[in-house]
Amino acid sequence: MASVDGDSRHLLSEVEHEVSPGPMNIQFDSSDLRSKRPFYIEPTNIVNVNDVIQRVSDHAAAMNKRIHYYSRLTTPADKALIAPDHVVPAPEECYVYSPLGSAYKLKSYTEGYGKNTSLVTIFMIWNTMMGTSILSIPWGIKQAGFTTGMCVIVLMGLLTLYCCYRVVKSRSTISTSDTSTWEYPDVCKHYFGSFGQWSSLLFSLVSLIGAMIVYWVLMSNFLFNTGKFIFNFIHHINDTDTVLSTNNSNPVICPNAGSGGRPDNSSMIFYNNNTEVQLFEKWWDKSRTVPFYLIGLLLPLLNFKSPSFFSKFNILGTVSVLYLIFVVTLKAVRLGFHLEFHWFVPTEFFVPEIRAQFPQLMGVLTLAFFIHNCIITLLKNNKNQENNVRDLCIAYMLVTLTYLYIGILVFASFPSPPLPKDCIEQNFLDNFPSSDILSFIARIFLLFQMMTVYPLLGYLARVQLLGHIFGDIYPSIFHVLILNLVIVGAGVTMACFYPNIGGIIRYSGAACGLAFVFIYPSLIYIISLHQEERLTWPKLVFHVIIIILGLANLIAQFFM
């Protein structure tokens, strides 16, 4: 075996000194070298931020083979046969491989486990939680009642925050193993064995596939309304004449009035004597045709081996949420507030403040506040680890305020009379006609953003399912195609027969939240306290109540 001095030779030829570290330099903890696994990179693919070409020596290639030899001796989680220090390259010689085929230089640091400031960490958590659920918050408030809805949002925010805090602290309860590289499924496996690992995988897939189904329903909705806007604009058709709506310069519609809550796609029934309109209605239907048009566009994107290209558009999610906040604020200013308070008895135009359907809002909020399966990963990159709990609390507070802001403004400004509050749709954008310019822009933003996120969700589902079953995230094009056809088929089926995003969100939220939000964090905490002989009756009762609440939340969704 080569000596330590011999192995300390430079693996890469001398390179031009970097004036600025640049945004692509990835930081890591220099004390954690034993967990690094370098990759052999083709010489033409070794790049720096300033594109200085570097060469890989034969010595580096040989060392790479040694590393792979050690990695085959045992499982990655087992530290017993990890590669010794003299085989692992020095910090300045470590590179991380990008799926795009490039290697980016790692920069050592000593300030923390990551490079993100608290402000960046807070924004990342907020941005990750801001999803499609925000479109259903006003509908959830309508189902619960205005006062009850606000209280439920605050209480669910506090409850999910506490459970998320328990997830963050779960690794520190394990003293027998090095948990620095663990994710939450690893913690579940430690406490519950293979059942914990596979059940966490199952519920994670439920949340992923549920989100993909909601995305397909919404993309069908947005594509339908976009096409309808263009057709109506060309043919000078006013679609507010065919539905119950307000007669002013800021029209609000009740598209499902008299349909028992079922989606109504015949929005131009008064123009059926026009052959052109009849043809358009036949081939441009929200439930019968548009969901199938998306297949030709999105199915090929799901089969990409790497979704790296689509990750470049993540900023669109933030832009979409900020634009929604702007639209809601502007609409509220123009429409004004329309509120009456009746505690238990509904009226013609207003719902009572307390309604028995409040569990529907709880189901929506379980998914709206759901970040428990990836919060450990997000906080690992925080520069100051001692601020993790504080940053998590601030992020949850901002998310709660965002949901309250959107929900209260949409509900309060909904024009009642002449329209009843029960007209608030599961996607509140459906309460604005397709001819509304602000809503049209919002739908375009959201449609494009969802079309870039959808392949990322499909990739995550592929990694979790095929990676666990076959040990390879891309075993063959046949395996990947079958999985994608099943996922797309589920989305098309729901878009055709159950295009109710509020219902889909609350069911999937209550299901995945049962494990990740309510049961696992509480049960792991109870077990750890029992092992340390610190378990008390108040703590036991409190966390058992949380588990029971999660079960009740799921069961209640089937009776609403």
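The backbone N, Cα and C atoms fix where each Cβ goes, glycine too.
According to Swiss-Prot, the features are:
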- N238: N-linked glycosylation site (CARBOHYD)
- N247: N-linked glycosylation site (CARBOHYD)
- N265: N-linked glycosylation site (CARBOHYD)
- N273: N-linked glycosylation site (CARBOHYD)
- 128-133: region 'Important for arginine binding and amino acid transport' (REGION)
- 443-453: motif 'CARC motif' (MOTIF)
- 456-462: motif 'CRAC motif' (MOTIF)
- 1-118: topological domain 'Cytoplasmic' (TOPO_DOM)
- 167-197: topological domain 'Cytoplasmic' (TOPO_DOM)
- 300-308: topological domain 'Cytoplasmic' (TOPO_DOM)
- 377-393: topological domain 'Cytoplasmic' (TOPO_DOM)
- 458-478: topological domain 'Cytoplasmic' (TOPO_DOM)
- 528-539: topological domain 'Cytoplasmic' (TOPO_DOM)
- 119-139: transmembrane segment (TRANSMEM)
- 146-166: transmembrane segment (TRANSMEM)
- 198-224: transmembrane segment (TRANSMEM)
- 283-299: transmembrane segment (TRANSMEM)
- 309-333: transmembrane segment (TRANSMEM)
- 356-376: transmembrane segment (TRANSMEM)
- 394-414: transmembrane segment (TRANSMEM)
- 437-457: transmembrane segment (TRANSMEM)
- 479-499: transmembrane segment (TRANSMEM)
- 507-527: transmembrane segment (TRANSMEM)
- 540-560: transmembrane segment (TRANSMEM)
For the topological domain 'Cytoplasmic' (528-539), mean pLDDT (0 to 100): 93
For the topological domain 'Cytoplasmic' (167-197), DSSP counts of helix, strand and coil? 21 helix, 0 strand, 10 coil
Output the single range from 146-166, 198-224, 356-376, 540-560 maximising the number of Cβ pairs under 8 Å to the transmembrane segment (479-499). 198-224
So which of 283-299, 394-414, 540-560 has the most C-beta pairs under 8 Å when paired with the transmembrane segment (507-527)? 540-560
At a threshold of under 8 Å on Cβ distances, which of 198-224, 283-299, 309-333, 540-560 pairs most often with the transmembrane segment (146-166)? 540-560
By a Cβ-Cβ criterion of under 8 Å, what residues six or more beyond either terminus of the topological domain 'Cytoplasmic' (167-197) are in contact with it? 32, 35, 77, 79, 204, 372-373, 375-377, 379, 388-389, 392, 516, 520-521, 523-525, 527-528
The answer for the transmembrane segment (309-333), taking Cβ pairs under 8 Å and residues 6+ beyond its ends, is 127, 130, 134, 250, 301, 402, 405-406, 409-410, 412-413, 432, 438-439, 441-442, 445-446, 448-449, 452-453, 455-456
